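If you look up TrEMBL, you'll see 237-259, 300-327, 333-358, 370-393, 399-429, 460-483, 489-517, 529-548, 560-589 marked as transmembrane segment.
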């Protein structure tokens, strides 16, 4: 519920939803992933006992006097939430309580949440959930869903100790203006609040609960009815097929270059005997004496490569575990927890890769290198995250990270990740520098005048288009799961798209690298990193489009939060894709220059 941040500037202590509160009950403890994602589980005032049915039971009554500033503010906040289609999210036995309703083509969609209420515009247009009931017809009026019919499905366990297991929890939200609040009967007209209402307004919250035995649903597949109802699978297959076509196209291009053009070039170069023939040649072989010349800003590039390697391995392992089912939606917060722990433990590869490449670039400031690898990129992410958290603290949001958790994150970073990075850097600097297949000339070769499409910027801009084309559909569902609180479970698709992204970034970078080498431009190191890393810029543009077209976020604080967290994702994605492009191009350049004879 990001949009509620910043809605109340006065009387901040009341900037929260005024629903029924549990009189007692201990809050369940959250894991690291849940805390970082802002998932706070509160005890519920809706109490029921297994197999004991309740009908129209009163939970509490909320009274608002519009003459009182405090009550008026609470009521306005409730109206604002209904206008923005805010939703309740309940869980029973770790299962989301779902609201199932019919959609197009006779399908039934089960949403793991239900709306607070809905609104009929002053022109009589029913917004969001108001379409479900023809009684919702008063213009410029809000309707509160103050009653829920809950149905619990279970099956009896006959093996071992006798008992029952919950396999589904469904509800239907309803609205009743209870005539007798002390003894509600859940009948009568809906609970409406006119936008111009004044005086005293009472909202009584009630619920009914029933139990039904269902032996057809197995415990292991109790989430399936939610996941199968989400009509996204055919879109995912379209996305995969689209991505595969791009990969096949790029693979064909790379194969043509490797098998035909390069094979002929290498054969011709290796058969040349006279220096006169060599002088007549042109293209990628002429720059063999400069191809491994250290790049400018080699320190920064090596640091980016170290951090990118850390992120690449972390992403692969996390998605692999998610595919095996260890990080399913049923295991709340497990995905984020796994990613953070893996990132902390992968400091050694980061330090090793940064040190190895920095040494191969001819660098000697090993202390600066290892310190930048440990603190530069993680420091930027933490600083951004800390600023976002200060805003959440200032707004009194429950999504704010507690001070103790921030200290724990810093402890993981400084006490585990940093020492592991130093260990990796030690072994990286201890090893000999990477041996290149050709020697570097003392005097740099002059690069000829380049045409428009072989200049650095156009190549970098074009390089990110194809990788982004492979992921943008998957990106839509990921952003939905983060900002619209929709459930993401298609980790098999995501892992496949991850592999396709790695291949696409590699092949697109190799293609552009070959074209630049043929134009006798040997500055490939930064260009290869930025070519595939530019995919992150398209990611940013798409995130901006998503913000304006799909979200209804209002308020300066909420907007800053969205773009603050988006910038963290963009930086991580930039390092991730850039590292893939560099390693692919490094392998390609090493491969082609290792099979030619150089006098």
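Using the three backbone atoms N, Cα and C, a Cβ is placed for every residue, glycine included.
TrEMBL entries are annotated by machine, without manual review.
Source: prediction; values computed, not measured.
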Spatial neighbours of the transmembrane segment (237-259) far in sequence, C-beta under 8 Å, 6+ residues away: 466, 469-471, 473-474, 493, 496-497, 500, 503-504, 507-508, 510-511, 514
Cβ-Cβ under 8 Å with the transmembrane segment (489-517): same-chain residues at least 6 beyond its ends: 223, 227, 232-233, 236, 239-240, 243-244, 246-247, 250-251, 253-254, 257, 262, 283-284, 287, 291, 315-316, 319-320, 322-323, 327-329, 453-454, 459, 462-463, 466-467, 470-471, 474, 477-478, 524, 527-528, 531-532, 535, 577, 580-585, 588-589
Stretch contact, the transmembrane segment (333-358) with the transmembrane segment (460-483), Cβ-Cβ under 8 Å, 3+ pairs: no
Highest-contact recorded stretch vs the transmembrane segment (529-548), from 300-327, 399-429, 460-483, 560-589, CB pairs under 8 Å: 560-589
Remote residues contacting the transmembrane segment (300-327) - C-beta distance under 8 A, at least 6 residues beyond either end: 334-335, 338-339, 342-343, 346-347, 349-355, 357-358, 361, 363, 369, 372-373, 376-378, 421, 491-492, 494-495, 498, 525-526, 529, 572, 575-576, 578-580, 582
Residue numbers, six or more beyond the limits of the transmembrane segment (560-589), whose CB comes under 8 Å of its CB atoms: 2, 5, 291-292, 301, 304-305, 307-309, 311-312, 315, 377, 380-381, 384-385, 387-388, 391-392, 463-464, 467, 483, 501-502, 505-510, 513-514, 517, 524-525, 528-533, 535-537, 539-540, 543, 547, 551, 553
